[in-house]
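These features come from TrEMBL:
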BINDING   A:CYS119, A:CYS124, A:CYS145, A:CYS148  Zn(2+) binding site
DOMAIN    A:16-108  domain 'Aspartate carbamoyltransferase regulatory subunit N-terminal'
DOMAIN    A:113-155  domain 'Aspartate carbamoyltransferase regulatory subunit C-terminal'
Amino acid sequence: MSDDHDHHDGNDDHELRVSKIRDGTVIDHVRGGQALNVLAILGIDGTNGEEVSVGMNVPSNRFARKDIVKVEGRELSQDEVDVLSLIAPDATINIVRDYDVVEKHRVERPDVVEGVLSCPNAGCITTGDEPVTSRFSVLEDGVRCSYCETIVRDEIASLIDT
Amino acid sequence: MRHDHLITSKQLSRGDIETVLDYAAEIDADPSAVADRHTDTLLGLLFFEPSTRTKMSFETAMKRLGGDVVDMGSVDSSSVKKGETLADTVRVIEGYADGLVLRHPKQGAATMASEFVDVPLVNAGDGAGHHPTQTMLDLYTIRENAGLDDLTIGIMGDLKYGRTVHSLAYALTNFDAQQHFISPESLQLPREVVYDLHQQQDGTGIKEHDSLEEVLPSLDVLYVTRIQRERFPDENEYQKVAGEYQIDAETLEAASDDLTVMHPLPRVDEIAPEIDETHHAAYFEQAHNGVPVRMALLDLLLSDDRGIRGETDE
């Protein structure tokens with residue numbers, strides 16, 4: 001786990017990190033310790049050769065510590081990043097082209113997330129061998145399985161289907 | 001998703017419920033009037049869990065409408081034993097039948113199965129989830145005996161795993177009903193169910209108790225459910241807890257003279273047999289009501305000229 005742009009020089013660390021990517025997406029202001037979960041939710045594990053940089057628990061103005069994830073060569077869509085709101089509600093998304101940030105937006109809570117989380121209820125039909133994609137509706141303070149209706153409020157990251 | 005599957009009582013409005021109950025009353029008064037409404041209809045029965053009365057009453061209802069059933073039989077003798085998925089099973093049986101009735105041990109099974117079929121699918125129980133046709137016959141019995149509005153009902157026993165309880169509680173939020181839930185702490189309503197009840201009815205009509213004593217005199221209906229041995233780690237604990245939620249003639253001395261006692265059956269020892277002969281007992285009538293109510297539901301779901309337009313929560 002390394003970040004070749006790590007500069008612990010205070011206010012500008014965020015800008016420096018962003019500016020060093022050529023084309024792709026920077027996910028910033030991820031809660032400290034959640035970067036690997038961000039990658040897991042996005043289904044990025046490096047096996048497809050993506051160039052990915054991860055900074056964990058780096059100093060931040062907004063939080064004491066934050067994580068940052070940079071994915072070179074891939075622009076993540078709003079739908080793709082909105083699911084991150086479940087574990088990184090304060091994340092900001094920067095789309096970078098030719099070293100410039102061309103779009104900057106926040107993650108928004110989606111109404112439904114599909115195929116990302118797995119239901120923790122062993123009695124749920126989705127936990128067997130059925131050909132069904134998991135589906136959770138997003139509540140104000142948690143998620144709810146659309147099949148067995150189990151509500152999960154804490155430890156949502158532990159449900160990420162890896 | 002089609003709107004003519006019946007998956008949960010949550011999908012039914014007060015209007016839908018009244019349509020079914022009114023039609024059931026019509027059928028109950030003159031069953032012969034509908035005896036040949038479905039002479040060409042085959043209903044597929046898929047019971048992945050043992051059932052006596054639910055399965056038999058669906059079979060009776062279909063036959064009394066002039067139709068017939070095809071039955072998957074027990075899981076032991078079916079292809080399920082060979083590892084077939086539920087999604088495959090329902091897609092195969094859909095080709096044989098005009099409608100499906102599904103009971104399955106997994107929660108959400110009916111929701112999932114309904115996504116794979118085009119014929120109407122009726123949930124006859126999905127694990128600890130829902131059992132909406134039981135709810136309809138419960139509501140029918142309550143309406144006949146006490147009325148559905150200005151109702152004070154106590155629901156007692158295993159409220160955690162009792163799917164009949166969850167379905168009934170949701171449906172009653174459509175009416176002016178005060179619901180008292182009486183159970184040992186370990187078998188209280190699941191938090192999911194409480195959440196939904198509060199969403200539907202702002203919580204004012206819902207109270208939880210650990211003892212029947214304090215609410216019994218105010219009740220119009222007492223709905224008793226079985227507390228199962230297997231929910232407890234040992235026999236002593238079971239005996240201690242279950243004993244507090246059994247009723248006999250002495251218990252009912254504190255009740256209103258008009259109290260109606262219901263039970264989805266089978267009972268073990270929650271209701272002493274001495275109550276059977278009193279005017280309070282409505283549980284056998286309740287079981288009998290399963291036929292006209294399921295006849296009404298099946299006719300509404302399977303007919304082109306009638307229909308209930310319950311919106312699902314999808």
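All residue numbers here begin at 1 and follow the chain in the order shown.
From the backbone N, Cα and C atoms, a Cβ is placed for every residue, glycine too.
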Requested in this report: Count the Cβ atoms, other than its own, that fall within 10 Å of the Cβ of A:CYS148 (Zn(2+) binding site), considering every protein chain shown.
Outcome: 26
Query - Tally of DSSP helical, extended and coil residues in the domain 'Aspartate carbamoyltransferase regulatory subunit N-terminal' (A:16-108) - result: 21 helix, 38 strand, 34 coil
Query raised in the report: Taking every residue in the domain 'Aspartate carbamoyltransferase regulatory subunit C-terminal' (A:113-155), what is their average pLDDT?
Result: 94
